[in-house]
Each structure stands twice: as structure tokens, then as C-alpha cells.
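Visitor: Before I ask anything, let me first share the structure, which is written out below as C-alpha cells.
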Amino acid sequence: MSTPHINVIGAGLAGSEAAWQIAERGIAVHLYEMRPVKQTPAHHTDKFAELVCSNSLRGNSLTNAVGVLKEEMRRLNSVIIRSADRCSVPAGGALAVDRHEFAQAVTEAVREHPNVTVFTEEIQKIPDGPTVIATGPLTSKALSEQLKQLTGEEYLYFYDAAAPIIETDSINMDKVYLKSRYDKGEAAYLNCPMTEEEFDRFYEALISAETVPLKEFEKEVFFEGCMPVEVMAKRGKKTLLFGPMKPVGLEDPKTGKRPYAVVQLRRDNQSGTLYNIVGFQTHLKWGPQKEVIQLIPGLENAEIVRYGVMHRNTFINSPNLLKPTYQYKKRKDLFFAGQITGVEGYVESAAAGLVAGLNAARLVQSKELVVFPDTTMLGSMANYITTANSKNFQPMNANFGLLPPLDTRIKDKKTRYETLAGRALESIQNFVKKM
């Protein structure tokens, strides 16, 4: 009888972390990476955990959600965070790395682990036996076809079209009202009413705002049925007034009158700490995006926890398909990790790899799989991607809005974040002890 091993497909941030976590638990790993035999349009080397965009892993302080996530990962012996700490370069309050040294450090740590065997080949069929799929946003065509067959075509997406998400506490509730169009069903939307003058000012800012240049392999995105709000706007004002900003059936209960235009906000998570801007998928750069959003009545001081994005990205409908263990619901020995699960960002991808790898190892060891507490960043991210609204699921990054609210409301943002961070780290410490 052959020794049990776990397959890990993809040696990006998530796959490298998953392989490391499994190997550290004494289990053999077969790690498959198609580069350099087959390159993606974004990668340039054969190194593991190659950072293809920025060299920053974002904020490092505990008043920053991704900083808290990193600290949780440090306490779980993350190879990605350990390597980043060793290869860091000065970057103020952020953790930035020398990208070549960082990729080299991760590659060496994982390749040289006695329990890891690396195969340089493209996987075109999902293997039998315990497997972690961590193939990232540029999953190969052959494997995408396999995933389509596995999950069903309607549950596999090839691009992000994410609208901005706002912290509920930062919305001026005196300027907005709760109502559904024509009062159908429960009042599920917050509505931001605009006068004609406010709309004109917003419209001019929107059509003149700077957008992110498209990469060659992303240019097909807009033709797949999802139009950025600024592209829609450039077709004329009426496109918005008859589209996402349509005021019909949304009379303001304070005045009894129909506003000139309305921006709708839809609840984004079960606890109601986050709202997304309906129909506002966008390709605007983040600075101009914030300026445009803050022209919307009620959102003058909006805290944006996830900016609108549109780019090439292969990901699955995790709320329908995954458990918070990152385990596939219909096949208990199959796990997904990284951006393919709908987490967004370098650190978040590695974090998903950590949890998936940990649980794949526990499955092989016949141990109970772990679900991290939702008071931790690791747990709140797993909770979000597996409980978000499956009808309009879009990738999410780490942010404090994912955590359950504190028992006592703290108005000062810095103090609130510090308190949430303290609770998260206490939770992870207690949880790790029990594991």
C-alpha cells in the first residue's frame, strides 16, 4: 500500500502555504507547478509565490485588518509571512518585500522540505485522492474546463466585476432611507437620493475620473456582460438614470417625492456591517473612485473596505460550493485555496492556503477539521466567502467590517480597530492552544 500523500496544484502564495502547512504536519506533499513549462500572461519566472503586481503586502500595524491577519498567520508558522518578514524593505507602516528575494526564500523553504516533492507540469485533470486546488486567478484553460465540469458552468467565473463596499458605520443615516423599489418585499436597500444638481456634479466627476489601464489579456472582460459604471455613463446621462441610478418606485418617505436619481446600497454580509453600491462595478483608480463615491449624498465620509475592480480572475462561487474549512461540499478530500475561492489579495490568498492546507492534513490524519472563530480575521474571511449572497458573490479582501460587531459601540475608529484586533488575537491564541 502506497504512503498517503496530498496533491497541491499551484505553487503561488496559496499553494506554497498549503504545501508548507501539510508538510510541517509530517505528511507527504506532491506539489504541481506548470511554470516555466507553461507560463501565464502575468508571471515571468519559475519561482514559487511570485508577486506579479505590487511588492507590498500592505499594512503591518494592528490598526489595519491585513496587519491583524498577518499576525494571526505568524502564530500559525506561515512560510509566506516568515519569508516576507525576512525579505522586507523599508515601506513606512506597510510590509513590502524585495520580490526576488521573497520568491527565492519561499521556493527554497518549500522545495527543500523533506516532505515535499515538486512536479513541474501542467495538471489538466483534477487528481483522485486528497487534493488542494490553488491555481489562482489565471488558472489554465484545461483545468478551468475540469472545474466547470466539477462545479457547474454557472458557478465558475472568469473575471471580477466588483462594486465598492462601504462600512455601515460610515454612512450618514440622516441622508439615506431604507426602501425597496415599489415597496416590494422587505425594505432591503439603503437609498441615497440626489437632486438634479447633485447628479450633474456626480456625473461630471465620474466620466472624467482616471481609470486603470487594461492589460492585454483583460480586454475581453467588458464584453462578457458586465459594463463598468463609468463606461455606461459615457453613453449619456440617461443611461444611468434608466439604469443603476433609476429613481422610479423609490420615493423619499421624508418628502413623499421621487428624487432625480438614486444610488442604492445593498447589505453585503449577514451582520449588516457592510453595504455594497448596487451596479457600480468600476475600473476607476482608487483615489478618483473615493472622490466620486464621496459625492453621493450620505457617503461623504464613506469608509471603503473594498474598492470596485474589474479584472481577469478565475474564481468559484464559494457560498454554494465550499465549507468554511475550504473543503468542497460534494467531495470531502478536495479543498480549494487562494484567489480561486474568492479571497482578494496576496496575504488573503496565503491565509486561505494556510487554512486549506491545515485542514487537508487533518483530514488525512483522521482529525476533526477546524473552523476558525469568526472573531479572527482567518475565520471571518472563511465565513464571508462561504455565507455571502451567492447570487452576486464577488471577491473580498481582509477588512474589519467582516468581524462581528463589538458588544459596546466605539465611535473612535482607531480605538475600535485596536479593540477588534485585540479580540482577534486573543481568539486566535486560545484557538491555537486547543488545536
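Here the Cβ of each residue, glycine as well, is placed from N, Cα and C on the backbone.
Here Swiss-Prot flags Gly10, Ala11, Gly12, Leu13, Ala14, Gly15 as FAD binding site, drawing on sequence analysis.
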Visitor: Excluding Gly10, Ala11, Gly12, Leu13, Ala14, Gly15 themselves, which residues in that chain have a Cβ inside 8 Å of the centre of the Cβ atoms defining the FAD site?
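Guide: After dropping the recorded site residues, what remains is Val8, Ser16, Glu17, Ala18, Glu33, Phe48, Ala49, Ala134, Thr135, Gly136, Ala337, Gly338, Ser349, Gly353.
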Visitor: Based on DSSP, name the secondary structure state of Leu13 (FAD binding site): helix, strand or coil.
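Guide: The three-state answer is helix.
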Visitor: Of all the binding-site residues here, Ala11, Ala14, which one's CB has the most other CB atoms within 10 A?
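Guide: Top count of Cβ atoms within 10 Å goes to Ala14.
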Visitor: Could you tally the C-beta atoms, other than its own, that fall within 10 angstroms of the C-beta of Gly10 (FAD binding site)?
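Guide: There are 29 such Cβ atoms around Gly10 (FAD binding site).
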